[in-house]
Ligand SMILES: Nc1ncnc2c1ncn2[C@@H]1O[C@H](COP(=O)(O)OP(=O)(O)OP(=O)(O)O)[C@@H](O)[C@H]1O
Ligand SMILES: [Mg+2]
C-alpha cells in the first residue's frame, strides 16, 4: 500500500518507491527509538467554562464533564458539529486553553498530573503559522535540523526530510515558497499538509491534530490520515479532530469521541459507533456515510431550518427523511442519555481505571520536542532567520532603502556644515536627527517581527527549542542587516555633512547609530513579547520612543529635566540620552568654533558642549557608547526573562483568575463536584477533583 502511494506521483519505479519507504522506515526507526515512550492520557470530569464578564453570575459551558482516555498504538477521532468543543478539548488537553476560560477536572499523563505544553505534546493547530519566505523543503529541513538528534548524519536527516515530503504528498510543491502578505505561495491544503509534516518529522509520542484534513481533497485526506494511523500503530498516541471524513477515512480511526454542545455523545471504538446509534433508535441508512449520519443526528444548529423544510415538504406531500420526525435536540438528548448508561461508557471507565493503575519504566514521560544539541539549534535557527530576513522585503530591505534616502536628505540639508558660531546649532540638530529620528524608524520592522514571534511561540509550545537559543539566533541573524543599515546611513551623513574627518570619529558615529538601532529593535522585541498584536505594538513602541526622544537632551537639556522620574531614572536608562551625548562629544571635542563676535578668539568644543548643550565632558564618549551597549544587553536579557516568566508565572495567574471566577459565579460545586467515575483503587490516583494549578503548574487551572 505504501509503495503504491510512493508511486502515486508516477515519477518513480516500484523498486525505487519500495526502497524509499523502507529507507524512511529505517531512519525513523532510529529517530523513533530515542523518542518512543508510551503516552497514556486520561481526562476525567473535564469541564471548561467561560464566565460572562458583564453578568457576574452567568457562565457558558464549553465542555461539560468529559471523561475519556487515549492510549499508544491507537488513533482517535474527535468529531462533532462546528462549535461543539473539539478544539477546546484539544487545547485543554494540550494546556493551551485561552486565558478567559476556566478548566476543572483532571488530566493525567501516564497516571500523573503534569503540564503538557512546552514539548510533551506535538500539536498541529487549526491555524498554521510558518515563515512565509521559506520553501516547503527548506521549512521541513530547518525543522528537522532543529529537532532531530545531533548524532544523526546529514544524509540520515535528509532521508527523513525527503521521506516526510513524500509521505505528505508535497513533492510537487517542495521548491515553492510557503507565501506571506506579498508573496503568493502554496495552497491552503498544501500548507495544512506542511503543518502536519513539521510535527510528524520526529514521530512524537503524543500527537494532537486539529482538523488536519480540512481543505484537503478526499484522496489527500485519506493518505494523510493513513500516515497518521501508521504513526499511531508504531506505538504513538494520536488524537485528531476531524470534519466530514469520507467512509474510507473514517474507517482508518480506531476510536471515536463524538461531541455535541460540549457533551459526550459517544466514546469508544469507531466501528461500534453505528451499532450504538442503531440501538438508540437512529440506525445509519445503508447508503449514508456513517460519520455524516452521526453528525446529522447531533447537529442541532439547524433545527429551525429543518422545521421550516418539514412544513414545506408536508405541504408538497413529499416523503420526508425518516430522521426528520425528531428534532435534533431530541435525538441528541436521547443519545447523550443512552450513552450515560451504555456498555461503552462502562468499558471506558474500566479502561481508564486500568490505565491509571499502570506503573513501570515504560510509563516514564519524555519530552518529544527537542533532541538536537543547543549549538546545532543555534546555527540552524540563525541560518533560517537570516534567510527569512533577507527574503522578506518588509523586514529590513525597505528600511535600509529608506535609511539611505533619509541620510541623503540629511546630507544635502546639512551639506558641508562649517564651524561658524551659528553652525553649532546645525551640527547639534544633525546629530540629534541621526541619533533620535533615524533610530525611530526601527519601529518599521515590528510587523515582520510579530510574524516571527508567532512562529517562535508555536514552536516553543511544541518544544522545538529554547528561549535563549532563539534570542541569540535573532541577534546574530539581524546583526548584519543592522550593521549595513547603520554603516550606510552613517557613511552618507558623515561624509556629506563633513564632520571632523578623523577615521575614529567615523567609526564612532557608525557604532553609535548601530547600538542605538539595536536597542530600539530590542525594545520592540520586548513590546512584541508583551503585546503580540501589530497595531497595539506599533502604538506602544511609538510612545516609548517618543518619551526617549523627549528626554534625550535635545528638546530639553538633561540637567534641566525635573529630577523626579525624568532625570532619575528615565534619562539614565534612556539609550537616546547616552547616544546623543556620545554623538555631541564625538563631534565637538577637539573642535574649535568661531567666536560669536567676528574676530574674537575661537571657542573650544568642550565649552560649547557644557555651556550650550548641557553636557559635561568629564567622561569619554566611549563610556557613553558603553552605556548604550549595557542598555542593549539589559533589554535582551529582559526579553528572555519576560518570556521565561510568562511560561512559569502565567499558570499562577490563571489559577488566581479561575479561583476568583469560580467564587464570583458562586460555583462551589466546581471544587467539590463529585467525579462520576468510580474511585480509583490505586493510591496514586485516589484523588478528588481539585485545582489543576496544584497539578505541577498546569496552565489551565481549576479550582
Ligand atoms: N476562549 C473562549 N471564549 C469564549 N468562547 C469560546 C472560547 N473558546 C471557545 N469558545 C466557544 O466554544 C465553542 C466551541 O469552540 P471550539 O473552537 O472548540 O469548536 P470546534 O468544535 O472546534 O468548532 P470547529 O469545528 O468550527 O472548529 C464555540 O462556540 C466557541 O465560540
Ligand atoms: Mg475547531
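Here the Cβ of each residue, glycine as well, is placed from N, Cα and C on the backbone.
Note that TrEMBL annotation is computational and uncurated.
Source: prediction; values computed, not measured.
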Annotated stretch (transmembrane segment, per TrEMBL) among the listed ranges 332-354, 355-377, 424-446: 424-446
506-527, 572-593, 594-615, 660-681 - the one TrEMBL records as transmembrane segment: 506-527
Annotated stretch (transmembrane segment, per TrEMBL) among the listed ranges 289-314, 393-418: 393-418
Beyond the flanks of the transmembrane segment (506-527) by 6 or more, those residues with Cβ under 8 Å of it: 434-435, 438-440, 442-443, 445-446, 449, 474, 478-479, 482-483, 485-487, 489-491, 493-494, 499, 537, 540-541, 544-545, 575-576, 579, 582-583, 586, 621-622, 625, 628-629, 631-632, 635-636, 638-639, 642
Model confidence over the domain 'ABC transporter' (48-286) (mean pLDDT, whole number): 91
